[in-house]
Amino acid sequence: MTNGQEPIAMLIAVSSADRLDLWQAIVLGFVQGATEFLPISSTAHLKVVPVVLGWGDPGVAFTAVIQLGSIVAVLSYFRQDLTYVLRGLVSAVRRQDFRSEPAQMGLGILFGTIPILIGGLLIKRFIPDYDNSPLRSLAAIAIVSIVMGLLLGIAEQLSKHQRDLSQLRLADGLWMGFAQALALIPGVSRSGSTLTAGLFQGLKRDTAARFSFLLGIPAITIAGLVELKDLLEAGIDGSSLGVLAIGTLSSLIFSWLAIAWLLRFLRTHNTWSFVVYRIIFGGVILTAIATGTLQNI
């Protein structure tokens with residue numbers, strides 16, 4: 001920077017990585033990986049867990065960068081699905097006919113990514129100190145967790161659970177894309193909001209989850225790369241880079257395991273366990289804040 005002043009986001013990014021050690025990075029990578037693809041909000045848990053353990057909030061930048069591990073996991077797990085969609089899109093462009101299953105899925109992913117990209121740009125432009133925003137307070141996260149848990153429960157109850165990937169259309173991608181944009185609010189859960197939207201559209205549980213994972217690839221990748229770029233421009237040192245690398249690797253491993261487990265689980269189970277968990281999670285946090293056990297930061 002020519003004026004010697006770094007953007008607030010860069011300073012936050014560096015300080016977040018600097019104050020973590022390797023063990024903490026492994027734990028946070030586990031939290032990120034285990035919760036990124038479950039409908040319980042990885043952002044909420046990455047905020048709450050380190051605060052409860054006395055480590056402080058790792059910040060938006062650290063969270064975004066280690067999400068790259070989750071992206072590598074989802075790219076690896078769904079490599080055949082992605083190849084199928086990409087080939088279908090290329091074929092659709094050549095034939096000028098986008099009615100095929102892979103073309104509809106591909107268009108759903110592309111257009112469904114637009115809302116969260118716009119929302120992310122607006123936040124970066126108008127809320128530069130987002131780390132300290134009231135939306136990231138523990139109380140706000142707890143309330144949002146409860147509300148989204150209730151919405152998931154309503155969707156579970158009302159959904160017909162009949163439609164599979166072969167019946168997925170562009171409109172489903174757009175609907176789930178707008179739901180994904182809500183995940184910019186900490187505690188919403190990108191996986192949870194898109195799964196909820198998919199259930200409202202009548203998708204089968206594992207179908208909604210599968211498309212949710214594919215839909216998240218562009219947005220999470222872009223967010224992670226932008227924050228990584230800011231970190232490198234801010235002049236992060238080798239030790240901090242090592243912490244980020246360990247956190248990202250941990251995130252990759254546990255993300256892959258979480259994806260495999262959730263898809264198997266949703267083939268034979270409903271989502272009520274996640275609904276109950278989210279309500280209890282939010283209730284415990286609010287109770288801890290009310291009793292002074294936990295500081296609302």
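Positions of Cβ are set from backbone N, Cα and C atoms, glycine also.
Per Swiss-Prot, transmembrane segment is recorded for 58-78 (among others).
If you look up Swiss-Prot, you'll see 103-123 (among others) marked as transmembrane segment.
Counting residues 6+ beyond its ends, the transmembrane segment (138-158) has Cβ neighbours under 8 Å at 39-41, 43-44, 47-48, 51, 185-189, 192-193, 195-197, 199-200, 270-272, 274-279, 281-283, 285-286, 289, 294-297 in the same chain. The annotation transmembrane segment is assigned in Swiss-Prot to 138-158 (among others) on the grounds of sequence analysis.
Per Swiss-Prot, transmembrane segment is recorded for 168-188 (among others), and the stated evidence type is sequence analysis.
Residues or ranges marked as transmembrane segment in Swiss-Prot (evidence: sequence analysis): 208-228 (among others).
The transmembrane segment annotation in Swiss-Prot covers 243-263 (among others) and is backed by sequence analysis.
Per Swiss-Prot, the feature transmembrane segment maps to 274-294 (among others); the stated evidence is sequence analysis.
Away from its own ends, the transmembrane segment (58-78) comes close to residues 9, 12-13, 15-17, 20, 25, 28-29, 32-33, 36-37, 42-43, 46, 50, 130-131, 136, 210, 213-214, 216-217, 220-221, 223-228, 230-231, 244, 247-253, 255-256, 259-260 of its chain (Cβ-Cβ under 8 Å, at least six residues beyond either end). Packing against the transmembrane segment (168-188) from elsewhere in the chain are residues 41, 43-44, 47, 98, 101, 104-105, 107-116, 118-120, 123, 135-136, 140-145, 148, 194, 196-198, 200-201, 203, 207-208, 211-212, 215-216, 219, 282: each is 6 or more residues past its ends and has a CB under 8 Å from a CB in it.
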